[in-house]
Amino acid sequence: MANTVFTLFSLVLICITATQGRKTLHLNHELLTSNPVFGDDVHGICKTMVETLGYTCEEHKVTTKDGYILSLQRMPTGRSGQKADKPPVLLQHGIFSDASTWLVNSPDESLGFILADNGYDVWFANVRGTKYSNGHTSLNPNDQGYWDWSWDELAGYDLPAFVQYVYNYTGQKMHYAGHSLGTLMALAAFSQGQVLNMLRSAALLCPIAHMNQITSLLTKFAADTFIANDLYWLRIHEFNPNGPMTLVTGPNCCLNSSITDVSSEPTATKNLIHLSQMIRTGKIAKYDYGDEGENMQHYGQPDPPLYDMTTIPKEFPLFLTYGGQDMLSDVKDVQHLLNDLQDHNANKLVVLFKEDYAHLDFVRAVNANQMIYDPIMSFYRVN
C-alpha cells in the first residue's frame, strides 16, 4: 500500500515538473493514447499557423531508418512572396513541444517568420511522438513498442533524417537552430561526427548537455527518486503532460501572455528515464539499461558509452545562448559545456548570456527578436 501511495504521489510530481503557471495541475488521463496525424489538412501547422498570416508553407514527410514517419514544414518565401535568397535553416524544437514553438508569437516576434522575412529558406522539424510525426511503417502510437526510444534515437535517427532530407531537397548546406532538447540532439550528433558535412553552422538556444546542476527542485526530486522508471514499470510508455511549463523551466521574464497556454506534446517515458540518468550521474552518455548484460548486448561494454563534447570539430561554427533564470539549462552546466569547448576556434564560437531570461524566453519572449534572433542572424551571415 505504501509503495502504491508513493507511486501515485510520484505521478503527480512528475506532472508538476512538466507544467507551469496554473493553480490546478493535472496529468493527461489518456497517457497510452496519441493525437492523430493531421498532415497537410486544415489542422496542420501550415494551414493553421502560417498560411493564415499570408506566408507560403509546404508540408513534407521523411522516414527514419528505424521506421518513424516524421513531418517537416517549409517556408520558402517571406511575407513579400519573394523566394528565399539565403541558405536553408532547420529549426528543431525541444521536449514537450513541436515546430509550432517557432511560430506562436507574431511574425515580428517569432524566429521562424523572422528568418523567412529575412530571405532564409526555413524548415521546421517535428520529432517522433509529436502529433505531426506519429506515423510509423509498422507500429501504431498505441503500441508500447512505438515509444521504445530516448534522445539517443532523436540524435541518431530523427536529426540525420531531417538534415539529409533538407540537404537532398535544396542541394544546399543549411544553418541549424535548436532549443533545449534540440540542442542535445545536435551536440550528441556532432560529437559522433554526424550531419556536420551538411551544415554551415548551429545556433543552440538553452544548450542541454551536462545536467547535474539544474536548479529545478521538483525535476531533481523526480530524477533522484526514479519517478520516470516507476511510470515505465506501470507500463506507461508515453508521457503527455497538459499545460505550460514554468515550474520546471524557470521564471520566464518576457512571454506573450496570450500564448503561454499552448498545449504540450508527448514524449517517451524512456526519454525521461534517460534525462533523469543524466541528472543523477552528471554524464552525457547513451541510455543505461540498468544491467551490465543488456548494456553489453547493445554497446559491447558494461557501461553506456559517453558522448564526448571535446570531439566536436573545432572549426565548426557554434552560437550558444543561455539565461541566468533558466532552471534546466543551468549556468553552471552551460559553463561545463563551454569548458568542454575551450579549445574551439575562438572565431567560430559565439556565446550570448541573458541574465533575465529563462528557458522559454528564448523561443517565446516578445523581445527575443532583438535580444536573441538578431544576433543569431548576424552569426548566420558570416557563416
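Every residue, even glycine, has its Cβ placed from backbone N, Cα and C.
Keep in mind that this is a model prediction, so the values were computed, not measured.
The DSSP secondary structure for SER180 (active site, nucleophile) is coil. The annotation active site, nucleophile is assigned in TrEMBL to SER180.
Residues annotated as active site, charge relay system in TrEMBL: ASP326 (among others).
Residues or ranges marked as active site, charge relay system in TrEMBL: HIS359 (among others). Using a 10 Å radius centred on the Cβ of HIS359 (active site, charge relay system) and all shown protein chains, the other Cβ atoms total 29.
What TrEMBL lists as domain 'Partial AB-hydrolase lipase' is 47-105.
Among the features that TrEMBL reports, signal peptide is placed at 1-21.
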Give me the count of other Cβ atoms within 10 A of the Cβ belonging to ASP326 (active site, charge relay system).
28
Chain-internal residues, separated by at least six, CB under 8 A from SER180 (active site, nucleophile):
HIS93, GLY94, ILE95, SER97, LEU205, CYS206, ILE208, LEU328, SER329, HIS359
Run through the domain 'Partial AB-hydrolase lipase' (47-105) and tell me, per DSSP, how many residues are helix, strand and coil.
11 helix, 21 strand, 27 coil
